[in-house]
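What follows is a set of notes on a single structure, which appears directly below.
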Amino acid sequence: MEAQGTEVITHPGLQSYPYASMLAFNNTVLSRPIFSFIGIPGLEAAHMWISIPFCLLYLISLAGNALLLILVRAEQNLHEPQFYFLAMLALTDLGLSLSTMPSVLAIFWFDIHHIGLDACLTQMFFIHTFSSVESGVLVAMAFDRLVAISAPLNYNRILNHYTVACLSGAALIRGAALLAPLPFFLRTFPFCGSNILSHSYCYYPDMLNLACGDVTFSSAYGLIFVLCTFAVDAVFILASYMKILATIMKLETQDRNWRSLHTCACHLCTVLVFYLPLISLSVLHRYTQDTSPVLYTTMSNAYLLMTPLLNPLVYSLKSRQIQAALRKRFWVQRVIAGE
């Protein structure tokens with residue numbers, strides 16, 4: 001009992017946590033483990049103020065992605081494969097935002113740090129599934145740009161409605177099918193520690209680090225999942241752009257080269273927005289043990305918050321078709337309001 005009362009929890013980027021002894025006691029007494037989110041260590045007193053920018057960012061993300069969905073549905077000139085994939089991307093970003101928002105805002109608004117096993121596994125499943133689906137959609141968008149530049153005369157024949165539906169469905173089925181075993185793996189393990197999660201949401205590697213027992217198979221499956229999704233997708237995207245670049249270099253004039261490359265600018269920005277936080281978080285999680293708690297928590301929140309936030313902004317600023325649709329919608333609203 002003395003060891004429990006004086007236990008210090010060591011985590012990547014964390015020194016100690018005030019709820020450690022209480023959670024250790026609760027997890028010893030209860031048959032179902034209880035996990036705890038950390039918020040931002042050292043800034044607990046300012047959580048209410050920190051919640052204001054977080055809330056605004058979530059609202060902008062939800063509004064921006066919902067607006068993209070409305071535009072693609074309402075505007076006839078956006079009924080093209082690239083914008084169908086954009087709608088799928090916006091829908092996935094909405095899912096990511098709604099998956100993380102409850103736990104993040106519960107920490108900052110209501111100082112609620114605890115979550116049960118079933119709720120944590122559910123959140124983890126949706127977060128990783130939506131991330132995998134988004135990666136698959138980015139591959140489909142790269143394929144769309146490849147066909148548009150390398151085989152423009154066959155674009156409508158290759159990327160018809162059936163192809164778009166198959167690519168989108170494949171991304172969804174792959175993500176859900178590969179993620180389905182992970183919650184069952186974690187349910188088989190006992191959680192005998194204080195179960196302090198180093199993120200503001202439930203994250204599979206984080207939960208696996210807290211499990212007691214031999215986690216070799218579960219850890220290997222997690223690595224296989226990453227290789228079969230994010231790594232394979234990154235290779236396909238890289239190969240697509242190498243082919244696109246080779247095709248563009250064969251074009252006769254510099255003007256045509258620039259215009260062709262400009263059509264890929266939105267997608268390239270989206271790929272960077274998605275993969276850079278993902279890679280940064282993975283590096284912090286695996287290879288750094290003495291990272292600043294504030295930096296570690298900021299990166300973990302940026303991983304799932306900035307992607308849904310920036311994607312609508314990227315396409316609003318870079319896509320001329322989206323800009324035209326926005327101007328048309330707001331102009332019609334102004335005319336109606338003027339009447």
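Glycine is no exception: its Cβ is also placed from the backbone N, Cα and C atoms.
If you look up TrEMBL, you'll see 64-315 marked as domain 'G-protein coupled receptors family 1 profile'.
Per TrEMBL, the feature transmembrane segment maps to 48-71 (among others). Taking Cβ pairs closer than 8 Å, the transmembrane segment (48-71) reaches residues 40, 78, 86-87, 90-91, 93-94, 97-98, 101, 104-105, 108-109, 301, 305, 308-309, 311-313, 315-316, 322, 325-326, 329 in its own chain, all 6 or more past its ends.
TrEMBL lists 83-110 (among others) with the feature transmembrane segment.
What TrEMBL lists as transmembrane segment is 122-143 (among others). If one looks beyond the transmembrane segment (122-143) by at least 6 residues along the same chain, the residues whose Cβ comes under 8 Å of a Cβ in the stretch are 82, 85-86, 88-89, 92-93, 95-96, 99-100, 102-103, 115, 164, 167-168, 170-172, 174-176, 178-180, 182-183, 186, 201-204, 207, 225, 229-230, 233, 236-237, 240-241, 267, 270-271, 274, 278, 304, 307.
Residues or ranges marked as transmembrane segment in TrEMBL: 164-186 (among others).
Taking Cβ pairs closer than 8 Å, the transmembrane segment (220-241) reaches residues 132, 135-136, 138-139, 142-143, 145-146, 174-175, 178-179, 181-182, 185, 204-205, 208, 264, 268, 271, 275, 278 in its own chain, all 6 or more past its ends. What TrEMBL lists as transmembrane segment is 220-241 (among others).
Beyond the transmembrane segment (261-283), the same-chain residues lying 6 or more positions past its ends with a Cβ under 8 Å from any Cβ of the stretch are 89, 131, 134-135, 138, 141-142, 145, 148-149, 230, 234, 237, 241, 244, 248, 299-300, 302-303, 306-307, 310-311, 314-315, 318-319. Residues or ranges marked as transmembrane segment in TrEMBL: 261-283 (among others).
TrEMBL lists 295-317 (among others) with the feature transmembrane segment. Sequence-distant contacts of the transmembrane segment (295-317), counting only residues of its own chain at least 6 positions beyond either end whose CB sits under 8 Å from a CB of the stretch, comprise 12-14, 38-41, 54, 57-58, 60-61, 64-65, 67-68, 86, 89-90, 93-94, 96-97, 99-100, 104, 127, 131, 134, 198-201, 203, 266, 269-270, 273-274, 277-278, 280-281, 284, 323, 326.
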